[in-house]
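Participant: Below are the features listed in TrEMBL for this protein:
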type: TRANSMEM; residues: 20-42; note: transmembrane segment
type: TRANSMEM; residues: 54-74; note: transmembrane segment
type: DOMAIN; residues: 54-165; note: domain 'Ferric oxidoreductase'
type: TRANSMEM; residues: 86-104; note: transmembrane segment
type: TRANSMEM; residues: 120-138; note: transmembrane segment
type: TRANSMEM; residues: 158-175; note: transmembrane segment
type: TRANSMEM; residues: 181-197; note: transmembrane segment
Amino acid sequence: MLKQKPAFTRKRRPLQWKVWLLYAAGFLPAISTFYLGATGSLGADPVKSFEQSLGLWAIRFLILTLCITPLRDIAGINLLRYRRALGLLAFYYALLHFTVYLVLDQALNFQVLLADIARRPFITIGMAGLALLVPLALTSNNWSIRRLGKGWIRLHRLVYLVIAGGAVHFLLAVKSWPAEPVIYALFIALLLLWRIFPRRLRKTTLKLQH
Ligand code: HEM
């Protein structure tokens with residue numbers, strides 16, 4: 001007689017598949033933009049376009065990461081199992097964005113990098129955002145969650161600072177007021193406000209009841 005597989009293996013496999021598929025799909029924008037750049041189809045300044053596209057995808061993945069909880073609470077759609085992959089994709093894109101800036105834009109000139117960090121506020125903010133993402137990426141594994149306990153939740157609240165910084169970085173990087181960074185900043189503000197307000201409202205309601 002055939003032994004039945006334990007329920008968890010039957011459930012886990014398709015799930016892991018979907019997460020890997022998300023990683024694969026997540027890297028497509030980087031691969032396709034790189035391909036366009038390599039084949040001369042990325043406009044007059046391919047390095048700048050590549051750098052900008054990677055920055056845009058970094059902030060998009062940060063936004064998607066922060067959409068997971070409101071989506072569950074408001075619409076009942078539970079995509080929590082994809083949050084780690086989305087957060088890590090945001091980190092990889094921010095790292096690639098920085099690498100293109102450092103290697104292709106500044107030709108690995110660390111003096112220029114340091115001068116930029118000191119003199120250009122949007123670079124200072126971008127660098128701080130990337131630095132804060134490093135401990136989050138390094139602790140995005142089950143072992144760290146178990147080891148850090150409640151500290152893990154506190155540490156990962158840094159993502160709110162990173163995304164707020166990302167919005168400011170985007171606004172300052174474009175040097176004028178086109179619609180795109182403003183829309184991103186407003187949406188990010190909504191996501192952050194949503195996280196603050198319900199808790200306070202709940203507390204107020206509880207106080208009123210007593
Ligand atoms: C959390 C980290 C970061 C995020 C989310 C992010 C995101 C972005 C976004 C959305 C843009 C605008 C793209 C556009 O114009 O369409 C941008 C531009 C830019 N970012 Fe970042 N960035 C980050 C970190 C960094 C770091 C660490 C550096 C370099 C030290 C950097 C350097 C730049 C530069 C130079 C531009 C302007 C490119 C131009 O001249 O148009 N960014 N970034």
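Positions of Cβ are set from backbone N, Cα and C atoms, glycine also.
Owing to the predicted nature of the structure, the values given are computational and were not obtained by experimental measurement.
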Participant: By DSSP, how many residues in the domain 'Ferric oxidoreductase' (54-165) are helix, how many strand, and how many coil?
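Facilitator: Helix, strand, coil within the domain 'Ferric oxidoreductase' (54-165): 98 helix, 0 strand, 14 coil.
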Participant: Most CB pairs under 8 Å with the transmembrane segment (158-175): which of 20-42, 86-104, 120-138?
Facilitator: 120-138
